[in-house]
Amino acid sequence: MIKTVSTTPYSDQKPGTSGLRKKVPVFQQQNYAENFIQSIFDSLEGFAGQTLVIGGDGRYYNREVIQIAIKMAAANGFGQVLVGRGGILSTPAASNVIRKHKAFGGIILSASHNPGGPTEDFGIKYNIGNGGPAPEKITDAIFARSKAIDSYRIADAADVNLDIEGTQTIEGMTVTVIDPVADYAELMEQLFDFAAIRAMFGGGFRVVFDAMSAVTGPYAKEIIENRLGAPKGSVLNFMPLPDFGGHHPDPNLVHARALYETMMADDAPDFGAASDGDGDRNLIIGRSIFVTPSDSLAMLAANAHLAPGYAKGLSGIARSMPTSGAADRVAEKLGIGMYETPTGWKFFGNLLDADKVTICGEESAGTGSNHVREKDGLWAVLLWLNVLAVRKESVIDIVREHWATYGRNYYSRHDYEEVDSAAANGLMADLRAQLADLPGKSFGGLTVETADDFAYHDPIDKSVSEHQGVRILFAGGSRIVFRLSGTGTSGATLRVYIERYEPDAARHDVETQTALADLIAIADEIAGIKSRTGRDAPSVIT
Ligand code: G16
């Protein structure tokens, strides 16, 4: 039986950088998830009888919302739901399933790298038929609908058994529980030279992958250990846990500290990597060298042709605005297009669909390509492994040679988390007010060349996205960017991105924070970070 249930709107269901992210107790309010899911369906047209993909990163509340989403999909007229066994689908795997099975779209339940558990974070996002995050015109429509919604539709049916692969039926809609790993592993085998990587592992190359008790565990076990033959135990923390073992499943130097220390030790493995809650981010560490996400994008772009899936070269590269300019130099050398987009993977979708770009990346540990429409943690790991297997050099040698060829973009991001929202908004407003006066001013020997609030003009659909971050560019190529995160769930997170370009190879060995010290001081001088936030130091430095 299909029920129509009366409801009242919530005012806070505005999707952020990547879907709606809130604390679990917020999602547990009466009809909260239902309202948002109905608002998604009400903002779409033409899905009657079509396929919807549903899956999540396995965090606390995943199974409950999956049952709700399946029953609502049935009541709203979808013809079929494909759902990952156990309710599991990594974000890139969901993107692949949507594309491969020509689904109308997908609902992915995740709060990415944010912690999970009864009082931690949860999230819902909608992906369109190309497999990518819904563009702003859809997320804006969802938000508008969520403020006016007065009822939702749901099938009054028993829960679907998510743990057995196969087909069940709800109100005439087919629900197929699929192996969450199979389609994705098959795609990776098409893109990369598994035989070469297998041979490298057979020759004693040591890899360690930390799945951080999150969704990539089953994928990494199957691909890295079973198919590529790395020794059992190469994949750590491979059981997805609802609370990620109490940790932040965030692959950075703070939350993946143990991996970092392993990789800095005298007897370190050759290659270390980690992924996040939903499997779309990556951390790459070679023996005694951390590769920043911005550098990793540039290095993967420069070497991608060594993998079979990219042998014919790249059509172009895209990066988010705060990501360092390292990839720009690669694009220039390759003679291909370079696109600078706002933060958020959704902005890459049009460029990928139009084949303007093949590889995209963000400073926030995201790299990916046209194989799906999401960033993809394991993909980045496998591309690195493929490059290492072909070049037969160490990570540190590849990094050093890259810097020697292109110059080094020293880069760091300073996050001030859970700052008072009014203070953070005030800081940004004051920065915007200073923009016109900054050009020509000097700060400790560095002169501001230009300063603006980044606006993106999408070259494909001509949409304009404004207020995407304050950029202060100095003569000589150094840069400071300020923006507020769109993924936090309490207070505001101020992100300060600091970059300096150093062409001289003799100066490529300076410790990053030291190399950026003058710019870090200037950032505080211009924005008054310490006085406004009351913080002496960032909460996280990446
Ligand atoms: C999401 C988006 C990314 C973005 C990141 C950080 O990643 O998909 O495109 O770069 O958030 O965004 P913000 O700086 O606004 O917090 P994820 O891995 O959290 O889904």
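Just so you know, glycine gets a Cβ as well, placed from its N, Cα and C.
Curation plays no part in TrEMBL annotations; they are all automatic predictions.
Database features (TrEMBL):
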COMPBIAS  1-16  compositional bias 'Polar residues'
DOMAIN    13-152  domain 'Alpha-D-phosphohexomutase alpha/beta/alpha'
DOMAIN    183-285  domain 'Alpha-D-phosphohexomutase alpha/beta/alpha'
DOMAIN    294-406  domain 'Alpha-D-phosphohexomutase alpha/beta/alpha'
REGION    1-21  region 'Disordered'
Integer average pLDDT (0 to 100) for the domain 'Alpha-D-phosphohexomutase alpha/beta/alpha' (13-152): 97
Residues of the domain 'Alpha-D-phosphohexomutase alpha/beta/alpha' (183-285) by DSSP state, where helix covers H, G and I: 41 helix, 16 strand, 46 coil
Summary of DSSP states over the domain 'Alpha-D-phosphohexomutase alpha/beta/alpha' (294-406), given as helix, strand and coil counts: 61 helix, 18 strand, 34 coil
